[in-house]
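Visitor: My questions all concern the structure below.
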Amino acid sequence: MRIPAKQSNQKTEPIRKDDRKTSSGFNNQRQVDYVDVFDPSESKNIAYATTQKSPAKTEKQVWPPPYPDFPVTDPNADYVFEYEDGEPVTLAPENVHVEKRKKSKCGSSDFMCNKRTCIAKNFVCDGERDCDDGKDEKYCQKYLDEFKQHNSSRLDVLEKQKWENVTFATCALMCLDNEKINCKSFNYRRSDKACFLTDENIGSSGALKDYYPCDYYERKSTSFSCSDMHKCPNGKCLTSEEICDGYDDCGDRADEKSCRAEDFGYSVKLSKGQSVHEGRVEVTVFGKTGYICDDQFDIVDANVLCKELGFEFGAMEVKGNSYFAKDLQEHHTLYMMDDIECLGNETSLMQCNFAGWGIHNCADREVKHVHINLINLYSVFLKIAGVICKTPQETCTEGFWKCDTGNECVNINFMCDGIFDCTDNSDEADQYCESPTALRLVNGTSFNEGRLEVRHLGIWGSVCDDDFNEDAAKIACSQLGFAGSAVIKKNGFFGKSKGPIWLDQVSCNGNESSLEKCTHWDWGEHNCDHEEDIGLICSNILYVEPKRNSKNVNGGLSGAIKNLNNRALSPEPVSCGYQKDRIFLEHDDVHFRVVKGSIANPGDYPWQAALRTKGQDKTAHWCGAVVIASKWVLTAAHCLEGYPKGAYVVVAGEYNVDENEGSEQQAFIEEYYLHERFREGHKMGNDIAMVLLKGNGFKLNQDIQPICLPDEDVDYERELNCTISGFGSIENGRSAYSHKLRAAWIPVQKVDVCKMAHIYGENIADGMFCAGNLSGGVDACDGDSGGPLACLDNGVFTLYGLTSWGQRCGYANKPGVYVKVSYYKKWIENIMKIHS
């Protein structure tokens, strides 16, 4: 069959003109009939076409001729040929020949010494005289004269026969005088004298490869000169019908590049956009219309497309993930082009490199959902590329930058990337690309306060308040010339910026020389809007605003003014919800899209506890838990079913179960209290439990600290920065728990989203909420139950949720379901009051 240039996991047939035969031979190729054992001395026994003249006689040469020895340990000698099915060659036993030398009963395929004796062909030209008259060693060089030799090369095709431990002259005879195959060439591996016969040659396959351990021999009488034919760069010969037919016959699409649009019936357009300059890309060839797969389709490719469509400024933006194809719910989508690679100087997409018409590995992804009435629903996620082409504009929209001349706008992320996007090349000008980074405060009532803005690439923009910590505020104020502490103002307190949002997820350790040295996402990468622009009040006084929900161990409010730098010196913390040294996960990444999350650093989650079950000589992880006081932990009620309280031990301050870190403490259970309405109205309803520890419980320090509890009326619908943590399973469907504490940041979903039919519907009861990315990825899993969902609230971490249940782990539209801690605030306080 015809093999497309690109193999893929999804089997697709190329789009083509017709269903012409795909035999590897050619119409003008002659079949050769062999009449006897090849003997150059007898004209009647010539084993090639009778129109071929007999080779001229040459003087007798010493046989075998001198040949350099190659060590058997040649590292390249241990190779295996692979073919279109990806499997190595497996030759049938009858095609691997090992025979006795002299025979008295001759077969048609044997070499005849005389009328009474013969030998197997693999003993001809082996350097040993087997025939009485030496006939078997007489014409060896002449056999080779029938072939053209290519040193250190092999024809990478499926071989038909293999002969072991033979000379190359013997191999030549095997090819010349073969009754089973129409042998046209052979590969000869020098290190072990292996001979591989094929029924193809360079002209039919174009498969000659450089390969040091082998030499390739092609039979002259069956070679193609490619006269009156198209010759591919690899030497393969094509007929005129095979040019511009939709097939990649050459293997590098050389036969399909210099074609006219009318050869394919090619046309391209943008469809389903709000205007003519945007939409999904639809390509038509050979009377069929399909799409472009968004794999590797980038701005360079889009530029070629837009200019082809008449938009002289090229492309503004590429839109993947079927942005303009939300109306489609197709199965078996026809992707007409995939893996497009344009240089940028082409005048049409059809001139770019790509896999071939209709050849792709861009499979639609189908996700099954179970509706509340047990009806199976399906969503199909397509990967259709879309494009927004540039049009002349007086002003640019947010996220775009106007070129110095004309009315041309480019994506701000394309500035100073080494590629000219503006027609006047101003997006790569030194005045922008070499402009130093700077900070300023704007829109405040005094010189030391305002919205924080940063200049990057000569353009002033804002900073998102997501995870912007106190150390980041101090670094920024210090960079602006202010000493001392800083007060953070979130939610666009000082108004909205009109520039780009340059920085997001900024987190500092406190020892950086500038804000840009801190951990942050790439410049211009964010998931914010200008309502989240960060503001600062810089001061020379160590002042910190009162923090809502920040309570001391005895329940009183923490002071509004205190020296936070001295907090670490106290053996007992005076407040809740602080991480050790008040730093965030330095390497945490909300884009980390796998169940296992990232490994937490010691001190990052001092409120994390684990419920473990006791064995004969060790304990085993069972569930997560949360420290809310020295003698109290919270967990999920279903974690305490099945075992008596004496079977459990509670561990805190642990980050690696395989190491003694010096921070671990363990306590035994005095009593536990399941919610009295556990499993009422819902299998996982009221899934919360309080655990009272024996003795003094945990000794609170920097490594073990309580988390804050939320107010009863706290708003779960606003934008929250929340983190989950635990030792649970790191792979969906497997119960192998993590030996290291893992954590990740996830978004809290609104209750209306959680209750959508394709998510959880009415299964979300009072006292529950869901959190996680709807596209799947980071999620709590088996063994994380009872663990914390902690949200950063006014500078401290507050326990908004307990891990409760979910449908599988990390699946799209199946975020984790959590206990809504604020809903049970009175119950928690009542249990502590009664039993403390």
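Placed from the backbone N, Cα and C atoms, the Cβ positions cover glycine too.
Because TrEMBL annotations are produced automatically, they should be read as predictions rather than curated entries.
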Visitor: Between Cys106, Cys125, Cys131, which residue forms the disulfide that TrEMBL gives for Cys113?
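Guide: Candidates were Cys106, Cys125, Cys131; TrEMBL matches Cys113 with Cys131.
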Visitor: Candidates are Cys508, Cys528. Which one does TrEMBL pair with Cys518 through a disulfide bond?
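Guide: Its disulfide partner, as TrEMBL records it, is Cys508.
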Visitor: State the disulphide partner of Cys464 as given in TrEMBL, choosing from Cys396, Cys403, Cys409, Cys528.
Guide: Cys528
Visitor: How many Å lie between the Cα of Cys518 (disulfide bond) and the Cα of Cys232 (disulfide bond)?
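Guide: Spelling it out, the Cα of Cys518 (disulfide bond) and the Cα of Cys232 (disulfide bond) are 54 Å apart.
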Visitor: Which residue, out of the disulfide-bonded residues Cys106, Cys232, Cys538, shows the minimum number of other Cβ atoms inside 10 Å of its Cβ in this structure?
Guide: Cys106
Visitor: Given Cys131 (disulfide bond) and Cys259 (disulfide bond), what distance in Å do their CA atoms have, once rounded to a whole number?
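Guide: Their Cα atoms are separated by 60 Å.
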Visitor: Cα-Cα separation of Cys538 (disulfide bond) and Cys342 (disulfide bond), in Å?
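Guide: The Cα atom of Cys538 (disulfide bond) is 51 Å away from the Cα atom of Cys342 (disulfide bond).
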Visitor: Indicate the candidate from Cys125, Cys250 with the smallest number of other Cβ atoms within 10 Å of its Cβ, considering only these disulfide-bonded residues.
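Guide: Candidates: the disulfide-bonded residues Cys125, Cys250. Fewest Cβ atoms within 10 Å: Cys250.
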